[in-house]
Amino acid sequence: MLRVLLLGFGALAVGTDAYVTAGLLPAVGRDLHEPASVTGQLVTVFMLCYALLAPLVGAALARWGIRQVLVAALSLFCLANAASALAPSLAALVAARGTAGVAAGVFMPVAATAAAALTGPERRGRALTVVLGGLSSGTVLGVPGGLLLAQHAGWRAALWLVTAIGVVSLAGSVLLLPAVSGAAMPGLRERGAQLTDRRVGIAVLTTFLQTVASLGLYTYLVPVLDASGVAAHRTALWLWGAGGVAGSFLAGPLLDRTGRSGAQVAVLLAALALCLAPLGLLSGTAVLPLLVLWGAAGWAFVVPQQHRLLGLRPSGGAAVLALNSSATYLGGSAGAALGGAVLSAGIAPGRLPPLAAAVAAAACGLHLLGRRLLPSAPHPAPDRRPRPGSERNGDSHEVRR
């Protein structure tokens, strides 16, 4: 399990890096003498490079092994964050953030694939929880943590911290991670082939809509809080983050006990819609419990959704997880862009949560429709007994002994 924890630590660095810049924007703008409208694109650059360029780079590494790709991606990630911390200008910072996004986008799906390969099928949910819990912990704590550190030590210190976390994961991976058989990164043709399975296409589109609703709205959480009369922004951010961390780490054990990833996805999407719908109608402290539930439902979704995708295409795990990873960050970027367009049209920030709830409800409806029209094989309850040759029944990768 130590090896899986190392992958989770790398995911923590990636998650922190993805959103820490959002909390640093005011300090970056003051230091580099750029307006917020310009520095705000640093988050967008990271996400777009993660979603769009990382698959192209990953396809070029299709012949590399899993361990090789993990070490290379973490090395580039650490170098890019060090370059970000040293950037003398906005142009240099944008280039470094884009490079970090590419490295993060290559690392995450391979880390999830490796975690599943390092454990048996009956513990796959827990393994994915460690990796995806690290990602969610970094993401939900990145903004308030970066803001706090920037206030006391400057914005560059926050990026050095991300670099240090990445270096720890890199060193551990070099020293302790075993070779794992199988190609780490699928080629573009193999990725596209996964979408010929309509169940996979519907699942990936569901992920896209879920992140449009959840992460897209999170981008504008501060204006929404202002509209609701909540002045304690940092407290609200921490509450959302605490819910996200709790949801991420509870989802895996529950999934391993029930084995019903599809039902869990449906419940979490419905819960997300129900949390977001009244958010713009309440005021003051009444908003705070909904933030906790929103964070929990939004991030608990990730584990059963990835588990479901691995079950749908057991022989193409790396490919479907790479597609799902791109959909996640494309959804976050699209949600942020749509939210900005709504606000630019003069619509009040308090109207954003009901709109996000409608998108989450659409994701839930799509998921249920897909399960009804295109049912997958039934998921039996997990078998706790050792099963010789189990790697042939649920996982195309095995650890080389």
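Our numbering is plain: 1 for the first residue shown, then up by one each step along the chain.
Quick reminder: no glycine exception, Cβ is built from N, Cα and C everywhere.
Note that TrEMBL annotation is computational and uncurated.
Pulled from TrEMBL:
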COMPBIAS  381-401  compositional bias 'Basic and acidic residues'
DOMAIN    3-379  domain 'Major facilitator superfamily (MFS) profile'
REGION    375-401  region 'Disordered'
TRANSMEM  42-62  transmembrane segment
TRANSMEM  69-94  transmembrane segment
TRANSMEM  100-118  transmembrane segment
TRANSMEM  130-151  transmembrane segment
TRANSMEM  157-180  transmembrane segment
TRANSMEM  200-225  transmembrane segment
TRANSMEM  237-255  transmembrane segment
TRANSMEM  262-281  transmembrane segment
TRANSMEM  287-304  transmembrane segment
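When the stretches 69-94, 130-151, 200-225, 237-255 are ranked by Cβ pairs under 8 Å to the transmembrane segment (157-180), first place goes to 69-94. When each of 42-62, 69-94, 262-281, 287-304 is checked for Cβ pairs under 8 Å to the transmembrane segment (237-255), 287-304 comes out on top. The transmembrane segment (287-304) makes contact with the transmembrane segment (200-225): 3 or more of their CB pairs lie within 8 A, with pairs spaced 6 or more apart in sequence. For the domain 'Major facilitator superfamily (MFS) profile' (3-379), the model gives a mean pLDDT of 84.
Long-range Cβ contacts of the transmembrane segment (42-62) within its own chain (Cβ-Cβ under 8 Å, at least 6 residues beyond either end) map to 17-19, 21-22, 25, 28, 68-69, 72, 93-94, 97-106, 109-110, 183-188, 190-191, 219, 322, 325-330, 332-333, 336. If one looks beyond the transmembrane segment (262-281) by at least 6 residues along the same chain, the residues whose Cβ comes under 8 Å of a Cβ in the stretch are 206, 210, 213-214, 217, 224, 227-228, 251, 254-255, 287, 290, 293-294, 297-298, 300-301, 304-305, 308, 349-354, 356-358, 360-361, 363-364, 367-368, 371, 376, 379.
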